[in-house]
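Engineer: If you scroll down you'll find the structure; I have some questions about it.
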Amino acid sequence: MSPQTETKASVGFKAGVKEYKLTYYTPEYEVKDTDILAAFRVTPQPGVPPEEAGAAVAAESSTGTWTTVWTDGLTSLDRYKGRCYDIEPVPGEEDQYICYVAYPLDLFEEGSVTNMFTSIVGNVFGFKALRALRLEDLRVPTAYIKTFQGPPHGIQVERDKLNKYGRPLLGCTIKPKLGLSAKNYGRAVYECLRGGLDFTKDDENVNSQPFMRWRDRFLFCAEAIFKSQAETGEIKGHYLNATAGTCEEMIKRAMCARELGVPIVMHDYLTGGFTANTSLAHYCRDNGLLLHIHRAMHAVIDRQKNHGMHFRVLAKALRMSGGDHIHAGTVVGKLEGERDITLGFVDLLRDDFIEKDRSRGIYFTQDWVSMPGVLPVASGGIHVWHMPALTEIFGDDSVLQFGGGTLGHPWGNAPGAVANRVALEACVQARNEGRDLAREGNEIIREASKWSPELAAACEVWKAIKFEFEAMDTL
């Protein structure tokens, strides 16, 4: 190649690394109503300025790459690039910053949580210039929200289907979670539903194992549902876990549930994936099935305070992808969950419009434009003594799920269900009478136990059980 040719080729083009902040840090930018906004907790490597770190996040999660490329000139980067438009230090933390990034809506495929996350939380989380990176919150614009179906049915439709109003719904996870035969499993389902629960549940890892194939479980659980309905006069359900190794097999299991006439199926949405979850949510709406969502694997993503993704983002994504219930922590049980932060994402699941509230970890105002809400499920290490607190914290639009707190009753499964139903009814009545559940909760349970021997026995068994560990999910 002649020197003259080299000179011509280099005119107006200099390959090499340039600072991201020159292109992607734009503090003068005014965000648009159609932008997706993200709040990242950024921990830069030593010597990397926060402006460069924030700009790197914006670049690597949108149009940027490590060097100047010829094809930048073939499109309008100014139209498509992400922009870091604000940076603030994290109070009480050294070298941590909240970096706000705006993404043009054209970067994302309509109706695809999968595509949205592939961009926003894709390769950028392995970027060497950052010691750690956490996505704290997203503002999803109404223009993008309207491209999603959302939950198959929503809270009001579920209440109408079940004919249950004015109280939280009661559930129970069948234990032991693995090892029971299908017939013994169905027996436990029947006893719990007959005792007064609204729902029973497959555990998240109950799929189709050698000791209990899925079709056998579905048949025995359906029999338990219809038998308990006939005896109690109440509509009952069991979360039949349709999660499978392929989307085709998952839909086949959901079709079987529909043909059996049961009201609800279940999916592990993180291990199953958002594409599978959205497909199942569409099937459930088309065929009148409610959809219970388990969040198995969430703590791998959201437990660390400085890296990963907060559960409020996963909760928003689930509402978009589709689900009628989702596990959301308990505040008082064995699983992670600080009260204000938990109630923040519970409101994001249920309400139509949520104002920005940094005290609860909500970084952006979110408008769901009438997308149906999702019932939060409180589950994990809870028992009858927790009932007043759970009723006060979560309110009526929730599912309170007692696994060991039902099946661990000294008299058996049905008395365990009776104890929970009596405790719930007592708390709801006391609240409706104007009593303070937070202050008088234990007294309310003691009063109810005087006329319910099942509740009295449960109170005695679990009177000393506490899970007193400091929550890691703090602001």
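The backbone N, Cα and C atoms fix where each Cβ goes, and this holds for glycine too.
Among the features that Swiss-Prot reports, active site, proton acceptor is placed at K175, H294. What Swiss-Prot records for N123, T173, K177, R295, H327, S379 is substrate binding site, and it gives sequence analysis as the kind of evidence. Residues or ranges marked as N-acetylproline by Swiss-Prot: P3. Annotation source Swiss-Prot lists N6,N6,N6-trimethyllysine at K14, citing sequence analysis. The N6-carboxylysine feature in Swiss-Prot is assigned to K201; the stated evidence is sequence analysis. Per Swiss-Prot, site 'Transition state stabilizer' is recorded for K334, and the stated evidence type is sequence analysis.
Walk me through where these features lie, including what they touch and how far apart they are.
Structural biologist: For K175 (active site, proton acceptor), the same-chain residues 6+ apart in sequence whose C-beta sits under 8 angstroms from its C-beta are D203, G403, G404, L407, G408.
In this structure, H294 (active site, proton acceptor) is part of a beta strand by DSSP.
Residues within less than 8 Å, Cβ to Cβ, of N123 (substrate binding site) and separated from it by at least 6 positions along the same chain comprise E60.
Other Cβ atoms within 10 Å of the Cβ of K201 (N6-carboxylysine) number 29 in total over all chains.
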Engineer: On the three-state reduction of DSSP, what should I expect for K177 (substrate binding site)?
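Structural biologist: Once the DSSP labels are grouped into three classes, K177 (substrate binding site) ends up as coil.
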Engineer: List nothing but the largest Cα to Cα distance in Å, as a whole number, among the residues N123, T173, K177, R295, H327, S379 that the record says bind substrate.
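Structural biologist: Pairwise Cα check on N123, T173, K177, R295, H327, S379 gives a maximum of 37 Å.
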Engineer: Check the recorded positions K177, H294, R295, H327 for other C-beta atoms within 10 angstroms of each C-beta and report the one with the most.
Structural biologist: H294
Engineer: I'd like to know which of the binding-site residues T173, R295, H327, S379 sit within 10 A of K201 (N6-carboxylysine) at the Cα level.
Structural biologist: T173
Engineer: Rounded to an integer, what is the Cα-Cα distance in Å between T173 (substrate binding site) and H294 (active site, proton acceptor)?
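Structural biologist: Counting only the Cα atoms, the answer is 12 Å.
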